[in-house]
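Novice: Can you read through this structure? Questions will come right after.
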Amino acid sequence: MAETQPVAEFAPAKINLTLHVTGQRPDGYHLLDSLVVFADVGDRLTLALSDTPALNVTGPRAEGVPGDARNLALRAAETAGTTVRIALDKHLPAAAGIGGGSSDAAAVLRGISRLTGLAPPDDTVRLGADVPVCLPARAARMQGVGEIVTPVADLPRLHAVLVNPGVEVATPACFARLATRTNPPMPDPLPRWSGPADLIDWLATMRNDLEPPACHIAPVIADLLETLRADPACRLARMSGSGATCFALTDTAAHARAMAARLSRPQWWVQPTRLS
Ligand code: C5P
């Protein structure tokens, strides 16, 4: 088969504005209720249909990212029944609670869909709990173990700083340390927010239930959250996913940029961004 013209896909960082753990299935997976948004920072992929699968990883965060079948991007292509050649320009830290691998996998599925004209496979949750929500890559409520994705229309856009303190938190260890697995869900239906300030006030009444166990496993996360909350531009600081990346919400893009400059540390990944 001759290679097709490559298509480009953006794989944005996924941010859990809230993450409520509401139960556990008999197979051990947890039931979630999460408000998910996407950043304007992310990985960049190009992919083309090809005779043999290939993955070339480059970019500022390429180190340690596998270029073989351990990478979710190649496994996603396999589940779509296609062989593709993928160039992955990696900007997001791995194992960081911002869905880097899942967003890459979802971008591969979107790209294959464009190349073949076929819809992505069902059951993408089997690739990873965050893959279904990353497929449309738009603000959504995520429920079940990740397979129920309900778009949230007209979510006010937020300004934020993303900070990863350079530690990895193993997601299963984080879930295993939960004090309780049956926490209250978000209200149903979700409110309609009049603007960013209203949304931030409401978010302050919600939670990331994985934050306490993650802070126990990696106390640097608790220190980071304290640092973010002490910053004059910070309206709300919370951890995303199972960590260790945290986000601070600010009133304006200028505040996010200024806060990012104040937070710069050698081991930290710091990114001002817009969330929508
Ligand atoms: O699906 P993903 O690979 O992201 O999940 C990593 C681990 O996180 C799972 O093996 C499981 O231990 C835990 N998990 C969970 N419930 C979910 C999602 C993930 O217990 N809904």
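Backbone N, Cα and C atoms are what each Cβ position is placed from, and that goes for glycine too.
As listed in TrEMBL for this protein:
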- LYS14: active site (ACT_SITE)
- 73-129: domain 'GHMP kinase N-terminal' (DOMAIN)
- PRO93, ALA94, ALA95, ALA96, GLY97, ILE98, GLY99, GLY100, GLY101, SER102, SER103: ATP binding site (BINDING)
- ASP130: active site (ACT_SITE)
- 210-265: domain 'GHMP kinase C-terminal' (DOMAIN)
Novice: What does the structure give for the C-alpha distance between SER103 (ATP binding site) and LYS14 (active site)? Integer Å is fine.
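Specialist: Roughly 7 Å, rounded to the nearest whole number.
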Novice: Which residues does PRO93 (ATP binding site) neighbour through Cβ under 8 Å, counting only same-chain ones at least six apart?
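Specialist: Non-local contacts for PRO93 (ATP binding site): ARG61, GLY100, ASN164, THR245, TRP269.
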Novice: In the domain 'GHMP kinase C-terminal' (210-265), how many residues does DSSP put in helix, strand and coil?
Specialist: 30 helix, 9 strand, 17 coil
Novice: How many Å lie between the Cα of GLY101 (ATP binding site) and the Cα of ASP130 (active site)?
Specialist: 9
Novice: For the domain 'GHMP kinase N-terminal' (73-129), DSSP counts of helix, strand and coil?
Specialist: 27 helix, 6 strand, 24 coil
Novice: Cα-Cα separation of ASP130 (active site) and LYS14 (active site), in Å?
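Specialist: Spelling it out, the Cα of ASP130 (active site) and the Cα of LYS14 (active site) are 9 Å apart.
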